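Asker: Below you will find the structure I want to go over with you.
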């Protein structure tokens, strides 16, 4: 059970940080740390107790410092502000004419959500400095910060520089190329899958992806990172390079990916969870990826406390853990059906990810998708080409001279793949029972969790017995 040696620490850190964020006090966060350490002592694992105490104490202290700084910031004492800040998450249209972006303000320990209503797309890109005139409101979700800004106006003061400028340049060039060579729906999907740019996706298009369990494909996620790095490893392996060189190629690809897409928090989170997926590909057992996942959870929560109450983070961790632990459990009975190996693998991965994320989605959205497994299996063959070839097209589009022209043929190759993914989402989301509502609150989540547990038990139990020779 050495692969689970960091699990108690990861759980204690996650719970402790969430408690501090909800209660706005450090002392309640100590309780889960003490409970975890006490359980380790009762199990006669003093080393585990020290590890839980150290990791948990550091998480509680850093989170409490951030919470205290946020509560004492001037934004909590004013009703209106004119502030300059750096854009950390680009504008996303969450409703017709309503845009959401996030700013990093001087002295404030968390990203501040900014809502701009009744306007065209705000003139802001990641890394730029803007001035916002806004009414200060209270956030309706727990987190390090407690305020949101309802902007009256937003003006760009200075464009991005350094790596942010390069990412913005690549994004602009890719937008021009996809708009020229692809239809609008396919262009919006490809830009989302490759660079995390969802501006080209309509509200209705994003709803289709959400209802069919494909929202993780319509923006940068850990799966995109895993596909890109795995492609680098497979290429190096095909060239019979040394295993250490293969890992180095994956690392270079990961750094290049983050450089292309940008350093938004969601991208960095995807990079970490995608790295865990890469470990799962390279490792010969489940021990290494499980250990890497627990370590990633601890480090990410130390780095950004808000992730403890983030649905996106919970979904990423749950999906990654589910694939690592449940995929082998589901693969064996499904392989006994005699179906093609590619179908069996895609189905077992989709079921594993869907089972563990369904309770979280029920709590988040109040409904669950009944077609998500089918949707993910159907689009699986198109995901890798869009990610890998799309990254190449983005690089070519950003080159001076004939680069954009060279990107065109690659984008034409991606058109059928993108159209297939969009078509699957459209057809399955239109089915009568593509989604079903669940009861409000934790009761609905409990019923969904119970149903998922039944599936986890039934699929392995349905494996036909081996015939005696």
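Placed from the backbone N, Cα and C atoms, the Cβ positions cover glycine too.
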Asker: Out of 49-67, 68-86, 87-105, let me know the one TrEMBL marks transmembrane segment.
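Answerer: Within the set 49-67, 68-86, 87-105, TrEMBL attaches transmembrane segment to 49-67.
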Asker: Scan 422-440, 441-459 against TrEMBL and say which stretch is down as transmembrane segment.
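Answerer: That would be 441-459, the stretch labelled transmembrane segment in TrEMBL.
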Asker: Should the transmembrane segment (342-365) and the transmembrane segment (441-459) be scored as in contact, given a threshold of at least 3 Cβ pairs under 8 Å and pairs 6 or more apart?
Answerer: yes
